[in-house]
Amino acid sequence: MRGATHAKWAACAVAVALAVSACGGGGGSSSSGSGTVSASWGDPQNPLEPSNTNEVQGGKVLDMIFRGLKRYNAKTGAAEDMLAKSIETTDSQNFTITVNDGWKFSNGEAVTAQSFVDAWNYGASLKNNQKNAYFFGYIQGYDKTHPDTGKQTADTLSGLKVTGTNTFTVALTQKFSTFPDTLGYVAFAPLPKSFFSDHAAWVAKPVGNGPYTINSYTKGSEMSLTKWDDYPGDDKAKNDGVTLKVYTDNNTAYNDLLAGNLDLVDDVPAAQLKNAKSDLNGRYINTPAGIIQTIAFPFYDPKWNTSGATKVRQGLSMAINRQQITDTIFQKTRTPASDWTSPVLGEKGGFQEGLCGKYCDYNPSEAKKMVQEGGGLPGGQVKISYNADTGSHKEWVDAVCNSINNALGNDKACVGNPIGTFADFRNQIGQHKMPGPFRAGWQMDYPLIQNFLQPLYYTNASSNDGQWSNKQFDNLVNQANAETDTGKAISLFQQAEGVVRDNMAAIPLWYQNGSAGYSDKVSNVALNQFSVPVYNEITVN
Amino acid sequence: MGRYVIRRLLQMIPVFIGATLLIFVMVNVMGDPIAGLCGERKCDPATAAQLRAEFGLDKPLWQQYLTYLGNIFTGDFGTAFNGQPVTELMATAFPVTIRLTIVAIFFEIIIGITLGVITGLRRGRPVDTGVLLLTLVVISVPTFVTGLLAQLLLGVQWGWIQPSVSSDATFGELIVPGLVLASVSLAYVTRLTRTSIAENKRSDYVRTAVAKGLPRRRVTIRHLLRNSLIPVVTFIGTDIGALMGGAIVTERIFNIHGVGYQLYQGIVRQNTQTVVGFVTILVLIFMVANLLVDLLYAVLDPRIRYA
Amino acid sequence: MPEQPPYEEEEFHHGPEGPPPEDLAIAPTGFGGTMDLGSSEAETLEKTPGGPEGTGPTEKPRSLWSDAWRDLRRNPVFIISGLVILFLVVISIWPSLITDQSPLKCDLSKAQQGSQPGHPFGYDGQGCDVYTRTVYGTRVSISVGVLATIGVALLGSFLGGLAGFYGGVGDSILSRITDIFFAIPVVLGGLVLLSVVTSNTIWPVVGFMVLLGWPQVSRIARGSVITTKENDYVHAARALGASNSRMMLRHITPNAVAPVIVVATIALGTYISLEATLSYLGVGLKPPTVSWGIDISSASAYIRQAPHMLLWPAGALAITVLAFIMLGDAVRDALDPKLR
């Protein structure tokens, strides 16, 4: 009978649902065992190859499973020898690198000079589509393995030579005194043979030489890493493992932390900062990181490249109340910027507080005057473009605009221009379609003043999105790079930075801190200068 | 019956091709996805050109579409930018979203129809007015507000549930997200059932059944409900596809790694292969669900015969 | 006259000149988007538009419309929702009637502060006055809803009406196209289409709603026209040699348009709500446009610290949507004689 079968089916469904909810309701954080830390994560954008990972989320994993020649001290940022026994040079152009004995990959294979040379050759070879390939651009032979156009004529870099089990030499195309300090970047990590022999399997479950090994990886959802007991280094993991959980919305991650469902959130949403300290009972850290936010300008647009436009840019800079915005919107997790580098470099590294001078001080009346003297806002209105899909950019852009509007006494002097996706944002920048100033954030690759200036302001540099070009600046940078004495090099870079200031090539906004909250289950949580948690130091209570 | 099903299946072909073409064109209008892969810097032109060639983005649009369609029939849905085959993403995402949809449909059926029957039988009484008002409130508050409130109150303030769903996404964890996802549809099911019941209550066959002296409960369930369910079944059937595709908001709030999450990621990264692949499957589910609903008609109403 | 048996949906009830058999196939499928659920309710109505003409003619010839209007005037639901909508329309045209401040005037030092004299709803995260922004948001939100509804109703009833009237191959093709648009989830379509938009006017959002919304009305208009054209008086007109255009304008449109109006009124509310969802996903309207959707989505991050930021715009939105849905309900009840 049809009715009867229907009824039976319904009853079944009810029973099943009740049963499931009864079993499923109680269980919670089943994935994290006693000694493991669960932490928030984002889905990496690129395959997890060292020379292909250029964003923080993939970088987190590689930082746990790889150790390079150098490692940046989590507190001071100094590049310290890790796998490198020595890196020697007499002319700042040819380097002899010796690798320490006794290092292994977690599959048992020894880490040798060949592991590095193979990895670097892989990264520099055009056919492998590695997005960090330009890191090898100083090495001789790069123009053959990675030509700008056409097919590559060599598969290996002629500047790399293995001279012994543990030694190899590097020949650069020009003098680059601080080259050894860049070797802590993840792109320079060594790779095991299995990476080349069974690439698909390696990418599905990467194998490295760091303190953790990957236990399981559910793509787009979760990665579980366990402590590698035989790790030969002295920075062994102090917990049993780390479970990285992918979150699309950092508000959800924060809510999970509050509910005790997660141990560590390394990206506390701006809206929650106000309450974070009290919410978390002090389990909240706020550490300076090598990140600076600026507003860049489309110098390819004639309107922004007039002689008066410098004054307009300086005026806009003075119209921004940095202190109020960092205090209110960011709850002091940003520091108003007064130069174009980052405090994490330290005075010795080239950071110069107050370099910007009065142009970075809030002064609404002077700002209005400057903008008028410069010929007014191009087109009568500035549109600050940003991508709306990631980061809480809308909040600060709106605040910056309100600050400018209030200073200039015009409700519509400045409006935010959200662009739907990051890809489209980068696309419009690449095609020189920006209708006005745009958000520019810079996270250092390695803690050197060079990294804050050259990629951003050198003519045609990879991140010189506004196409700013200045001969004087370029010359100073060239001189600085060729300088073998670090102190002199830094002072030349600082002179170059002065050129940036005089032209207001970009408006510095604030230095960004890393902020993180953690549960009462863990302690000893710290962020390094790349605002990445130092996972191996975390202890589980 | 067999001929009817075959004809329906044949009609699906143009709809399927049209819908995938439409979404394919839409995603391509979004522009070049490669620029987003290189972070805050310009992709070097050689690598960018190479990536474009690898993903077939250098070909004209129609050719890309034909290649894609051809590959689908061999079971190859392409590869996401981070090197994961789209079929692999589907294998993890669809079971989660299907579970979520089952929970949502379950609530629609149990709560929606129950409330609808009660209010339909008691039209104009306080319980009717109350429920009707409640459904209106549910409909008029956007789902993301309902979801955020539920997460905040139940998950954080009162601690009844976990604020997010783990990667296992068990039925138990999906109860609240499912309820949020179903909320608006649930309100519509209630209203639809109510209207339908109220109409049929006065029809001849119910009056006859009552006049014959059949017990009230039997009349309600065997005669009234069965006939009144036809529009409700239609609605729920078409809602299956809508719920799965519309879960973008709910999955985002509760951090559920299902279809909506993958679609959102795919769109943000302008990953044509992911988006088109998932939508293709959703379109298929939508069409099959519609067919099943139409066949169910014949079950609910023996007078309908498909030829 | 006995009531129509409910199971006799028009789809299974064709006259001798009914549509070709394949129409059976698509008939029962509803709409695919969670946001635009009004259609399914209208389906119950869809079966009956011929009804009033059948019940009425014994008395003096009153039209469906005057009957409905007489009903509505006495319906408190209609009066209340009508007044609310009237009020909303007035303040969306003249927002300065009830506020003398600018919605773009913001002072960050007052961010997130609660209610205080002169600022009854407090301040939002940017230190803007929530009351003023809520008042000014009315204009944009109502405009989006009304314009999208008009677009959907015109395009949908035009295409659906033609398909229903002429039938044949054109009808089959249109039905397939309708299916294609139904199959694409609304929110997904919005994310894809609107993420490339650079304009900061409301037109892209309205255009998107029309593009993905018209099939809903088209399907109903088609069904309604098919039912209407099978009525005796239409056959009579045809027999008397009336032209196609005359039949469409004089006989079919006035009698087939009722279900479209009902669906449109209910859909209007869902469009306003959809605008908020799009903003939440980051693809809605853009500043300096002031809308409830923008404010709700930016307030949603502060739901714990400053719930007042969310409460007012969300409340205004809910009341508006509620008013339009109740209005739609009232109109449907008035146009549907079976429920009297």
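Just so it is clear, glycine is given a Cβ too, placed from its N, Cα and C backbone atoms.
Under the heading compositional bias 'Acidic residues', TrEMBL lists C:1-10.
According to TrEMBL, the feature compositional bias 'Low complexity' maps to C:47-58.
Taken from TrEMBL, the feature domain 'ABC transmembrane type-1' applies to C:138-328.
Taken from TrEMBL, the feature region 'Disordered' applies to C:1-62.
If you look up TrEMBL, you'll see C:77-98 (among others) marked as transmembrane segment. Distant neighbours of the transmembrane segment (C:77-98): 135-136, 138-139, 142-143, 319-320, 322-324, 326-327, 329-331, 334; these residues of the same chain sit at least 6 beyond its ends, with a Cβ under 8 Å from one of its Cβ atoms.
Sequence annotations record features per position, and here TrEMBL assigns transmembrane segment to C:140-165 (among others).
Feature annotation from TrEMBL assigns transmembrane segment to C:177-196 (among others).
The transmembrane segment annotation in TrEMBL covers C:256-274 (among others). If one looks beyond the transmembrane segment (C:256-274) by at least 6 residues along the same chain, the residues whose Cβ comes under 8 Å of a Cβ in the stretch are 35-39, 41-42, 45-46, 49, 64, 141-142, 144-146, 148-149, 152-153, 156-157, 161, 164, 186, 190, 209, 213, 216-217, 220-221, 223-225, 227-228, 292, 317, 320-325, 327-329, 331-332, 335.
Packing against the transmembrane segment (C:310-331) from elsewhere in the chain are residues 38, 68, 72, 75, 77-78, 80-82, 84-85, 88, 121, 130-131, 133-134, 137-138, 141-142, 145, 261-266, 268-270, 272-273, 276, 292-293, 295-296, 299-300, 302-303: each is 6 or more residues past its ends and has a CB under 8 Å from a CB in it. What TrEMBL lists as transmembrane segment is C:310-331 (among others).
Within the same chain, residues 88-89, 92, 171, 174-175, 202, 205-207, 209-210, 213-226, 229, 244, 248, 252-253, 256-257, 260-261, 264-265, 267-269, 271-272, 275, 285, 289-293, 317, 320, 324 sit at least 6 positions outside the transmembrane segment (C:140-165) and bring their C-beta atoms closer than 8 Å to a C-beta of that stretch.
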